[in-house]
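Novice: One structure, as structure tokens, below. Some questions next.
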Amino acid sequence: MPDASLFNGTSFITLFAPNISLLQASIDFYTNFLGFAIRKNSNQKLFWLQLEEDQNNVSIQLILDPEHAASVSQIDQNIRNLTRSLYRKDWRSIQSNIAFKSSSLSKLVKLLKDGGHPVQQSPNEISPFEVYTVDPLGSLIGFSGFKNPFAVNERSLLPKVSEEKAYRAEDDSEKLLNPVRKTIGVMTSGGDSPGMNPFVRAVVRAGIYKGCKVFCIHEGYEGLVRGGEKYIKETQWHDVRGWLVEGGTNIGTARCKEFRERSGRLKACKNMIDMGIDALIVCGGDGSLTGADRFRSEWPSLIEELLQTEQISQQQFNTHQNLNICGAVGSIDNDMSSTDATIGAFSSLDRICRAIDYIDATANSHSRAFIVEVMGRHCGWLGLLAGLATSADYILIPEKPASSREWQDQMCDIVGKHRARGKRKTIVIVAEGAISNDLSPISCDQVKDVLVNRLGLDTRVTTLGHVQRGGTAVAFDRIYATLQGVEAVNAVLECDADTPSPMIAIKEDQITRVPLVDAVELTQQVAKSIESRNFKKAISLRDSEFVEHMKNFISTNSADHVPPSLPLEKRKKIAIINVGAPAGGMNSAVYSMATYCMSRGHVPYAIHNGFSGLARHESVRSINWLDIEGWGSLGGSEIGTNRTLPNDADIGMIAYFFEKYGFDGLILVGGFEAFISLHQLERARINYPSLRIPLVLIPATISNNVPGTEYSLGSDTCLNSFMEYCDVIKQSAAATRNRVFVVEVQGGNSGYIATHAQLACGAQISYVPEEGISLAQLEMDINSLKESFANDQGKTKSGRLILKSENASKVLTTEVISTIIDDEASGRFDSKTAIPGHVQQGGIPSPMDRVRASRFAIRAVSFIERHSDRCQTFKNSISFRQTDEITSTAVVLGIHKSQLRFTPIRQLYDFESDVPRRMRKNIFWSNVREISDMLSGRTSL
């Protein structure tokens, strides 16, 4: 029970409860935690509460009144929203609060936290002036230590301590203010990978934001064993500035034999205790994570031994009884089970695809064959996806071995047929772990000898080596490494001694936690299965997407060169059209659709220059294999695209040409214009029988605003292109010192690109159409810039970025915002604008866009195959009606939590679309905005 003098100020408030249980919970909250006493009880429906021995007559009236009270569901939702935004938003900006004055905030914080109530402290947890919590009715209760409610320079409420004591890890005042405050250590181990620096940056800033101390352990386990301030360094917020753009790991990594022995782990334990570290976050491969989990399991015996040998005190022993461990996978091979992607894998894939794109030019010039060796000792993910993204002629990976004679015959057969059809170049990708089915390794020189001796090709070998590891991370790795770093901090703060060590994973495009031991065991089973020649089990342990990519590569690689897999009566005529603005991956979709159709026996058609090209010029061409060779690596749209809709182009003429060519299915590739086009075609079916065919939309737009999907082709290419642009701009701002750039972002009414670019580029502020720009927010942001630049005196990397979506505000344009900032800066810093414009569409598509375009296109063709016969039954029906069965044949193919699904256009158009704003109704990236603001130190109103 707190003292009666704990707080005062507000004289009288009335609160309504919807039921008896919440009424009683509220009474318990105010009496047990805040020191109120029941002064009056009227029929168990009205209670008067008053502070005990209070001179200011502070009273609360609690009334059971379902009519005036918020509903139970509303109260629960409000409490969930506040709890979820505890570390992300200032509660004062979310709802109004009931305010009290208190002379003992530290005591109040301890009482509330001991009772399990969420507590938000402002401006920080070290020296709070205001404290906020939530009562059982969802009311926001505030407590201020200010005598003057408008004061900003009140003395610190921390107990006075000596300077020496203030720097001790076991400082009593810190314990009083935050009894569960942790000290987190973060390290990188094993092979380096792009994205490790963004991960460490996220851990440091998220940890500091949540009131923790964070130590970076340099040189991996080697630094942990050696210890001392040289290897284990406390890291501040500004220390990790600029790390997003840097490749590798700035805190170093090294393999450590000593840590494999118990004596080495004992030293590591002692060093961690000396620094006060009670939680460890490790980013590395399966070996590094296995070592971390073993370290945790031995921790009780290690500290017991340290106590027995008097290397630590009894107090240290009591304080560090448990060690929380959390792992994240940093590996370019993408060889960890239980996660869809490891940190650095897509960056490495990007390096490989760029290198092969460059090699293509010289190979084509000299009509040569190139053997390209890529990394992947036990995992062929890099080789497989690189082969799919670059349309390689043949790949050799560990998961699909064959006898020496078999792979040689198969490779020569495919390459020979490609050459006979007129292809001038040959690319064969060999994973470093490629083997034949007798487990003998397959070297690049062996492959070269086969091509030279059997086909007489001028052949060269290129080993990419460590080029695959180097360089800055791509947007995907920056974003997801950052999200994993934040989640790792949450994990070590939430786990207890009984919780199995978690590993942060990406499953279904969501950041999740999986048991670390289970993930490592599954990963090691793959290598064991390959060693025991159980190749079916090895590939079954890979995720389903890996198997699908394998099948897709085999199908597209054999296009038009082997007998079709479908009988004659099952073969169709399938058309593809691009609609809307160009987007990375459009050509890849056309290439994959056409080659897959050829392998199945279908006839692929391309409609050139959109619906206007079809209606005005009958721009329909059947697709020839050699004509589209190399399209997978090209940006833009080779068949042409525009924004003309079917109704505007003459839908009657479009239907006529569909009838003339006898199309059995149509694939649309494009953005919101393609979405509207699909809707118009589906509605016109009642008048035009030729449109009663399966219709599939593959979303492709940099805005990622198409309803029915969380990913559109071109958005990843756009993010990478815009990120590279911002990296250069930020470098200029940092070199100039005291400069902020306001960069305009495309995306229409969608803030997807601006939000994710803020996370990938480290921009301090982003403005998006979903939120708009209020004058209050702009004023707060400018004040934040002033403080940032004032604190930057003498520091490097002092440039700042502000991202502004083009439609965030029609009044506060990019130029206007820059001018306002310049004026408010009063010469302390300056502001410039940068408008990249259509540069954001990107040039060569990213590997992710290429691979997903292939997957989308093949799924779309398969959908047409499944539904074509059904459509034939009602195609010429006089009594045609739009039943659910019929409407389900006009669909949007999209990704929802990494699962591909087909959603009827009618459902999406009627219920999930904001057509006037050209947007989807559900905004799925709002949590990313909160994390972006948290890591940039921005307060969002």
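In case you wondered, yes, glycine gets a Cβ from its N, Cα and C as well.
Straight out of Swiss-Prot:
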- 2-558: region 'N-terminal catalytic PFK domain 1' (REGION)
- GLY191, ARG255, CYS256, GLY285, ASP286, GLY287, SER288: ATP 1 binding site (BINDING)
- ASP286: Mg(2+) binding site (BINDING)
- SER331, ILE332, ASP333, MET375, GLY376, ARG377, GLU432, HIS466, VAL467, GLN468, ARG469: beta-D-fructose 6-phosphate 2 binding site (BINDING)
- ASP333: active site, proton acceptor (ACT_SITE)
- ARG368, ARG460: beta-D-fructose 6-phosphate 1 binding site (BINDING)
- ILE395, LYS400, PRO401, ALA402, SER403, SER404, ARG405, GLN410, ASN557, SER558: ATP 2 binding site (BINDING)
- 559-572: region 'Interdomain linker' (REGION)
- ARG643, 701-705, 746-748, GLU806, 838-841, ARG918: beta-D-fructose 2,6-bisphosphate 2 binding site (BINDING)
- ARG739, LYS832: beta-D-fructose 2,6-bisphosphate 1 binding site (BINDING)
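Tell me about the setting of these features in this model.
Specialist: Secondary structure at ASP286 (ATP 1 binding site), taken from DSSP and collapsed to helix, strand or coil, is helix.
Every protein chain shown contributes to the tally, and the Cβ of SER331 (beta-D-fructose 6-phosphate 2 binding site) ends up with 26 other Cβ atoms within 10 Å.
Secondary structure at ASP333 (beta-D-fructose 6-phosphate 2 binding site), as computed by DSSP, is coil.
All protein chains considered, the CB of ARG368 (beta-D-fructose 6-phosphate 1 binding site) has 18 other CB atoms within 10 Å.
Listed in sequence order, TRP407, ALA434, ILE435, SER436, ASN437, LEU439, PHE535 are the same-chain residues six or more apart from PRO401 (ATP 2 binding site) with CB atoms under 8 A from its CB.
Regional average pLDDT for the region 'Interdomain linker' (559-572) in the model is 87.
Applying an 8 A CB threshold to same-chain residues 6+ apart, the list for ASN704 (beta-D-fructose 2,6-bisphosphate 2 binding site) reads GLU710, TYR711, SER712, SER715, GLY747, SER750, TYR752, ILE753.
Sequence-distant neighbours of LYS832 (beta-D-fructose 2,6-bisphosphate 1 binding site) (same chain, 6+ residues apart, CB-CB distance under 8 A): ARG739, VAL740, PHE741, VAL742, SER818.
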Novice: Between GLN840 (beta-D-fructose 2,6-bisphosphate 2 binding site) and ARG469 (beta-D-fructose 6-phosphate 2 binding site), find the distance joining the two CA atoms and give it rounded to the nearest Å.
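Specialist: Their Cα atoms are separated by 26 Å.
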Novice: Below 8 Å Cβ to Cβ and six or more residues apart, same chain only. Which residues does that give for ARG460 (beta-D-fructose 6-phosphate 1 binding site)?
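Specialist: Result: ARG368, ALA369, PHE370, ILE371, LYS448.
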Novice: For ILE702 (beta-D-fructose 2,6-bisphosphate 2 binding site) and ARG255 (ATP 1 binding site), what Cα-Cα distance in Å is obtained after rounding to a whole number?
Specialist: 42
Novice: Here the binding-site residues are ASP286, ASP333, GLU432; which one has the lowest number of other Cβ atoms no more than 10 Å from its Cβ?
Specialist: GLU432
Novice: Excluding near sequence neighbours, so keeping only residues 6 or more apart in the same chain, what lies with its CB under 8 A of SER403 (ATP 2 binding site)?
Specialist: SER436, ASN437, ASP438
Novice: Anything within 10 Å of GLY285 (ATP 1 binding site)? Look among the binding-site residues SER331, ARG405, ARG469, GLY748, HIS838, comparing CA atoms, and list what you find.
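Specialist: Cα filter at 10 Å returns SER331.
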Novice: Hey, of the binding-site residues listed (ARG255, ARG918), which one tops the CB count within 10 A?
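Specialist: Within the set of binding-site residues, the most crowded position is ARG918.
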Novice: Which residue among the binding-site residues ARG405, ARG469 has the fewest other Cβ atoms within 10 Å of its Cβ, if you could check?
Specialist: ARG405
Novice: Let's check the environment of GLY376 (beta-D-fructose 6-phosphate 2 binding site): how many other CB atoms sit within 10 Å of its CB?
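Specialist: Other Cβ atoms within 10 Å of GLY376 (beta-D-fructose 6-phosphate 2 binding site): 27.
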Novice: Going by C-alpha distance, which of the binding-site residues ILE395, VAL467, ARG469, ASN557, GLY748 is nearest to GLY287 (ATP 1 binding site)?
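Specialist: Spatially nearest to GLY287 (ATP 1 binding site) by Cα position is ARG469.
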